[in-house]
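Chemist: Heads up, here are the entries from TrEMBL:
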- 1-23: signal peptide (SIGNAL)
- Cys153-Cys188: disulfide bond (DISULFID)
- 256-298: region 'Disordered' (REGION)
- 268-296: compositional bias 'Basic and acidic residues' (COMPBIAS)
- 319-339: region 'Disordered' (REGION)
- 321-335: compositional bias 'Basic and acidic residues' (COMPBIAS)
- 476-497: transmembrane segment (TRANSMEM)
- 514-590: region 'Disordered' (REGION)
- 554-567: compositional bias 'Acidic residues' (COMPBIAS)
Amino acid sequence: MGKYLRIICTLCLLLTLSAVTSAEDLDEFDAEEATVEVENEPSTVDVPYESPVPIDQSKVYLADHFDDIAQFSKRWIKSTAKKEDISEDIAKYDGVWELEAPLKDALVGDLGLVLKSKAKHAAIASSLIKPFVFNTKPLIVQYEVILQDGQECGGAYLKLLSDGPDTRNLGQFHDKSPYSIMFGPDKCGNDHKLHFIFRHKNPRNGSIEEKHCKKPSERLEDYFSDKLPHLYTLVLNPDNSFEVKVDKTVINSGNLLEDFTPSVNPPREIDDPDDRKPDDWDEREKIPDADAVKPDDWDEDAPAQVIDEFAIIPSGWLEDEPTHISDPDAKKPADWDTEMDGSWEPPLVDNPICTDAPGCGKWEPPLINNPNYKGKWRAPLIDNPNYKGKWRPRRIPNPEFFEDKEPFKMHTVSAVGFELWSMSKDIYFDNIIITDDPYIAEQWAASTFEKKRQKIARDSESVVQRLANLTNDYPILWVVYIIVLGIPVVFVLYLCCKPKSASRMENEELKRAAETKKTDALSPDDAVASGKSQDDKIEENVEDEEDKEKYSDKDEDEDDDVEENEKDSEVISDQNGEGDVPRKRKPRKD
Ligand SMILES: *[C@@H]1O[C@H](CO)[C@@H](O)[C@H](O)[C@H]1NC(C)=O
């Protein structure tokens with residue numbers, strides 16, 4: 001049936017294409033007379049865009065739409081740092097950043113920050129308008145990403161840099177520059193991530209440890225592959241709760257104290273590392289019964305299986321017939337050189353006389369399970385009177401314990417930056433905002449991200465819309481649609497109502513397919529096949545013949561099955577392939 005579906009689909013496609021083409025012809029033909037209408041229908045529908053302004057500047061720590069090149073170059077600093085401890089030639093931060101419109105569905109006047117280069121370290125950062133101090137207000141970080149070239153391996157995350165001497169010179173921003181929060185998408189191979197990492201300072205000794213958020217509940221794959229704008233939002237509240245959103249949908253949420261590894265606070269108690277299991281501690285719950293004795297009639301040597309004494313040779317068994325005979329139809333190859341190749345022997349095939357008999361050759365009675373088999377005797381298990389339970393070390397107070405109830409109070413953030421390396425080019429960033437009011441971030445998204453998505457929706461709609469308008473103007477197109485939709489329906493009905501003839505047609509098809517394979521002309525498998533000896537090819541053809549026969553008994557097979565079967569037979573012939581020695585085909589059981 002698969003073959004027919006494919007044919008139907010191809011037909012539909014061809015007809016649709018011709019319909020659209022002819023419709024376009026009509027369009028062109030009448031263009032001069034219908035200019036007024038054409039003017040009413042611009043080819044792409046534009047969503048008006050203006051560079052956004054945050055509704056309350058006092059609650060904003062940084063907001064950049066990247067539309068203003070002069071402003072951008074004042075604010076953002078490209079890093080010229082060098083990465084430590086790797087070789088000189090790849091250590092430099094020399095990735096290329098540009099302000100550009102998105103490659104697809106761009107709004108007029110909308111630019112973004114694009115990481116142009118791939119396989120280079122790239123870093124860029126901007127100071128905040130004012131530092132964000134973690135205190136009583138929430139932190140909202142939001143930005144857009146378009147992975148315009150997909151993402152093979154690399155990140156599109158940002159870092160909120162910790163205020164201090166190490167981050168004062170943003171021109172030296174690099175991978176070790178201290179950050180308070182790292183947030184955003186990252187992918188390598190099949191590992192899709194949406195990072196939310198914060199760096200926590202141990203209040204006992206001042207050491208800093210990265211805390212990684214648990215995995216999001218949703219699948220992330222599409223965000224990396226669909227090449228659409230996605231909006232990433234982190235909301236972090238003074239009560240330590242957080243939410244991670246993509247395109248305004250919450251995909252991860254929880255609490256800084258509970259949902260991060262390693263956990264912020266160490267355990268109160270730990271196993272005493274100095275406690276040792278006493279030597280006489282008996283952990284065995286059951287022991288063998290020392291008083292039990294082996295019964296006298298227990299024969300440890302009785303075999304597990306014995307010959308079935310009552311078995312008789314099945315009637316019709318042909319003891320004098322061999323199971324295999326030399327293939328009577330085999331012919332010595334014309335180029336067989338007895339001196340070189342040794343004497344020729346025809347390959348063995350199943351003895352056809354045995355096909356209808358229960359068996360051929362010497363008959364042996366079968367083995368059956370020995371009813372007297374007991375195996376090795378073991379004493380039964382009884383409860384161990386000395387059992388003390390599983391040993392566990394004593395618990396002691398954790399000497400390194402501390403309790404930080406406010407991990408939200410992180411190190412003050414003074415700048416934001418991207419510090420990236422990617423195997424895919426053209427990563428587009430836009431409309432980054434850091435604020436302490438969720439509403440401001442929402443409004444910002446409404447005048448930026450949402451317009452982008454509207455524009456994309458309208459652009460894809462407009463193709464359908466155009467066809468609809470065209471149909472209004474030229475109702476004759478309905479005839480085309482009816483034909484396009486009607487032909488497959490009629491065809492399917494025809495197939496359903498005449499199953500007999502249909503399956504005959506299918507067999508014809510399969511035979512033709514097998515025929516095509518036999519010509520050894522076109523299939524990609526031939527690259528491999530051509531490396532084989534002539535012998536192999538002859539054999540494959542024989543197998544093809546056989547496959548064909550098999551398939552003519554069935555109705556629902558597809559090309560793929562034929563191919564798979566060919567692979568099977570190739571494996572078999574490979575197993576048997578021993579250079580130029582005459583091959584004996586494995587008997588195949590179906
Ligand atoms: C601080 O304490 C943590 C665990 O409590 C430990 O892993 C770390 O090594 C300590 N750092 C310093 C500098 O002592």
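Every residue, even glycine, has its Cβ placed from backbone N, Cα and C.
As the structure is a computational prediction, the values presented were derived from the model and not from experiment.
What's the neighbourhood like for these features in this structure?
Modeler: Cys188 (disulfide bond) has a Cβ environment of 14 other Cβ atoms inside 10 Å.
Among residues of the same chain six or more beyond the region 'Disordered' (256-298), those with a C-beta under 8 A of the stretch's C-beta atoms are 198, 200, 209, 211-214, 236, 240-242, 374, 377-384, 386-398, 400-405, 407-408.
Across the region 'Disordered' (319-339), DSSP classifies residues as 2 helix, 3 strand, 16 coil.
Nonlocal intrachain contacts for the compositional bias 'Basic and acidic residues' (321-335), taken as residues 6+ away from its ends with a CB within less than 8 angstroms of a stretch CB, comprise 344-351, 353-354, 357, 360-361, 535, 587.
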Chemist: When you measure from the Cβ of Cys153 (disulfide bond), which residues in the chain that are at least 6 apart have a Cβ under 8 Å away?
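Modeler: Set apart from Cys153 (disulfide bond) by at least 6 residues yet with Cβ under 8 Å, we have Lys187, Cys188, Gly189, Ser422, Met423, Ser424.
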Chemist: For the region 'Disordered' (256-298), DSSP counts of helix, strand and coil?
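Modeler: Secondary-structure composition of the region 'Disordered' (256-298): 0 helix, 8 strand, 35 coil.
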Chemist: Is Cys153 (disulfide bond) helix, strand or coil when read with DSSP?
Modeler: strand
